[in-house]
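Single-structure report; data block below.
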Amino acid sequence: MKRFVYINDDEASKELCCDNRISNRKYTLWNFLPKNLWEQFSRFMNQYFLLIACLQLWSLITPVNPASTWGPLIFIFAVSASKEAWDDYHRYLSDKKANEKEVWIVKQGIKKHIQAQDIQVGNIVWLRENDEVPCDLVLLGTSDPQGVCYVETAALDGETDLKTRVIPSACVGIDLELLHKMKGVIECPVPDKDIRRFDANMRLFPPFIDNDVCSLTIKNTLLQSCYLRNTEWACGVSVYTGNQTKLGMSRGIAEPKLTAMDAMIDKLTGAIFVFQIVVVLVLGIAGNVWKDTEARKQWYVQYPEEAPWYELLVIPLRFELLCSIMIPISIKVSLDLVKGLYAKFIEWDVEMIDQETGTASYAANTAISEDLGQVEYILTDKTGTLTDNKMIFRRCCIGGIFYGNENGDALKDAQLLNAITSGSTDVIRFLTVMAICNTVLPVQSKAGDIVYKAQSQDEDALVIAASKLHMVFVGKNANLLEIRFNGSVIRYEVLEILEFTSDRKRMSVVVKDCQNGKIILLSKGADEAILPYARAGQQTRTIGDAVEHYSQLGLRTLCLAWRELEENEYLEWSVKFKEASSLLVDREWRIAEVCQRLEHDLYILGVTAIEDRLQDGVPETIETLRKAGINFWMLTGDKQNTAIQIALSCNFISPEPKGQLLMIDGKTEEDVSRSLERVLLTMRITASEPKDVAFVIDGWALEIALKHHRKDFVELAILSRTAICCRVTPSQKAQLVEILKSCDYRTLAIGDGGNDVRMIQQADIGVGISGREGLQAARAADYSIGRFRFLKRLILVHGRYSYNRTAFLSQYSFYKSLLICFIQIFFSFISGVSGTSLFNSVSLMAYNVFYTSVPVLVSVIDKDLSEASVMQHPQILFYCQAGRLLNPSTFAGWFGRSLFHAIIVFVITIHAYAYEKSEMEELGMVALSGCIWLQAFVVAQETNSFTVLQHLSIWGNLVGFYAINFLFSAIPSSGMYTIMFRLCSQPSYWITMFLIVGAGMGPIFALKYFRYTYRPSKINILQQAERMGGPILTLGNIETQPRTIEKDLSPISITQPKNRSPVYEPLLSDSPNATRRSFGPGTPFEFFQSQSRLSSSSGYTRNCKDN
């Protein structure tokens, strides 16, 4: 599909009637109420509560005033709707500001001032320096004589470096006067969200040009939300407007992620719903039987002789209404509120602010904080994520000679400096490729120095290194490049740029030497993308050895090459290149095919080696998280040896004898199958052995494994704690995440670049690092952090606390609802199983919304352990990963507690107040008071760290309960007139409260004391140590039970196995890190295995979906 945009012609562009109005609003003034209600009632639980509320309107079956259900329902829906309205109002204000911004357009040669929302497709938009681009434009002219302008794209892709944009070749030389009256047509694709591509063609009408077709790329565009910088003015024709711009198409509502805790809460809710139906059926049948056998014998109960057809449904429906409170109506609002607070805690954490850049952490997704505490696998990018992405040129190999090996710095290598001085041909060519085979822009600073603006850190490092070696890239004027070398000036004309792509893994520049007219191809790229295309007869073994050597040192390598072209060869190729560049369909593929025809018979000049240092705290972070039972997979596009050395240096894997690498390689299906089978066999054998085993696989072998041996690879994924996947593409990264998710593991993906976005979005939790490659990953992620080391605190502190708090909040919500419901059920047995409510409507309405909510919301600041203890003992994360605090077993405990407390409240209340002069309202108020007192003590008992706010909320809530009820007791029409005054004046009331609390909490406190004293968990021991102010415990102190084959944690002493299968492949012996971090046989080493290794040894307990 394509569209035609007519330049400066309103009539011809009428069919493209989309204006430039931006709308990110979800609602309008007229559809807000119906649309919001539709969204809320699309959820099953809300439909259920609405049905209950509607049944309450049937006076024959409702046991209480309908307001007791409609009140909380309306309140909760109003809270949700108000939040949506508030968010949408802010979106409206943002849209209004953007739409009403004034811009200049040119019509028929006349400038006009209009609002941005009135721009039409085909209008020529005029921009001045520092203006924001209001829509997607094709650049037509700039104030620069060479047709160049500079834009800042930070709002679009997060990259802060200025980028160059150039006018199409068809517009070069058109003066300002004619520019205003330009006519032509642009053939472009239909709107899409790909900000990296714009495959279009432009044809200007006479008298501007002779109808020649000019191809357009993304470099000829100015995209919406970019800013014009360092350019006096620029103008362009609008091709996409409004929500059809690339930015507008990128906007969208991300698919919500369901946390493991939410899934468990849904299952438990379903179980309670089934239990409720059973109770309703049993009591409904019992009620009808009692009515037919006993009630008609009572003289004071008058039933009609002939009952209507629905008579048998009345009592069951009445019990349905009575038991509907089993499922707490407030749980969703409560969880949404506390989850929002969890996100704010992350953003307010001053210890997660990058001091270098001032970047704070940010939670874009407020709904999944609990999943941080249940992470089992972390899949991480390497460059910019584990490393600093500060590239420094360290070594090189030119013509088989190694430079920089002695002192680790080629820039100070005397031999290299002598070669430059003597004019070595290979060295000069090598430096030339370093200097100009790139997209770097040299800019003159105010101090007169040359500053390089590069889109790639690698290119920046190479250009700077070349300048330090006297090959200085001085300036770029349109297609003319100027280099200064040893006092002489060299000029090149750029004929074509063969851009880098992830498939080609190289880039080339075709230049013409202005001194001798020679046409030269300069290339640089990965070794596998350059060396196979070396000219016949050239020995590349030394270059290959250099790549291998540098990779073993953890350095990033690029091969540089050179080829002189015949003019006829270039001209023939140029025609095909322009044809491919003008295609609208499959342009990228056809360009790559044409480039391949030129990039051959290359003369390999040498190899560069660039250092990318690890970020501060990376080894410590990975070591700590591995102790927490989290498995690590490194997914990188870098070379195998480089990735391995980085993995060694950052504690990703352990050197021999404690660590072992298994290689999966091969170029054919048969080779990969054999290698995979060999590694899988070894992993099965060593699954129960305490050895740190990891596997390594490259992108090619991974592609074959996923296509032909997916089941075996999935088994390997289950068995492996650590994996290093090299030379992988963005799509393969996402595939690996999906494989682990299919096995029901909770995954976290972390990266910093645009190539990590798919992986981040695919994972259960996506974390983006605000790095030097921009903010694309950070914007696509659920959480954004400034440094990798903050991941430790994000998981161990915020993730764990969030899990603990939500586990308590959700189960307590069910507990308090079940408690009141069980009392209603018990009361039915002494009221003829009629479905009569013990409590009045006001009490029921206030119970869930007010009386029992405040203490729970304050529990979001509760901490079972101090942050220091959590960070020092990461092994306790196991309780979250295993779901120990929220599961059917723990829920059964809360269920039993609610039943026990209901029995206590009911029995004591009945025995104390069931006498002739006691009113039913008094009985209900005594029972309700007992519930409130019990719940205050339950919250106090479950609270680990008391603050003034928590004391005020727990005990102040009790005071508030009495204040509210005294107020209602003073109102004659409330139905509670004088009840509270009468009760509180009776000593028996306070004795009853004391008995209820004593009988209800005594066994609970005794059970807790027994557990803490005689069967303490690791957390209990740490809590006792904190309270006593004792020394920091070691892991050995914590481990009180022998290891069982389950997802548990315990220290393991690892020794060198006596007999090692040939399948074991040693780590690189010449690695400096391996030497530095080597351990002798028998050295004890404490680490905690995750479920992946443990479960696999007992029949692979994970249920993987069919892949």
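Cβ atoms here come from the backbone N, Cα and C positions, even for glycine.
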Hey, in Swiss-Prot do F4 and F981 share a topological domain, i.e. the same side of the membrane?
no
Sequence gap of 6 or more, Cβ distance under 8 Å, 3 or more pairs: do the transmembrane segment (34-55) and the transmembrane segment (316-333) meet that?
yes
Contact between the transmembrane segment (920-942) and the transmembrane segment (842-860) is defined here as three or more C-beta pairs under 8 Å separated by at least 6 residues; is that satisfied?
yes
Is the transmembrane segment (983-1007) in contact with the transmembrane segment (891-912), using three or more Cβ pairs under 8 angstroms as the rule and ignoring pairs under 6 apart in sequence?
yes
Going by DSSP, how much of the topological domain 'Extracellular' (970-982) is helix, how much is strand and how much is coil, in residues?
7 helix, 0 strand, 6 coil
Can you tell me which recorded stretch out of 61-83, 269-290, 316-333, 920-942, 983-1007 has the most Cβ pairs within less than 8 Å of the transmembrane segment (808-827)?
316-333
How big is the gap, in Å, between the Cα of D381 (active site, 4-aspartylphosphate intermediate) and that of D756 (Mg(2+) binding site), rounded to a whole number?
7
Sort D756 (Mg(2+) binding site) into helix, strand or coil using the DSSP assignment.
helix
Outside the topological domain 'Cytoplasmic' (861-890), six or more residues from its ends: residues with CB under 8 Å to it:
260-261, 264-265, 268, 271, 373-376, 624-625, 627-630, 746, 792-793, 795-797, 799-801, 803-808, 810-811, 943-945, 947, 949-950, 1017-1019, 1022-1023, 1026, 1032-1033, 1035, 1038, 1046-1049, 1088, 1090-1091
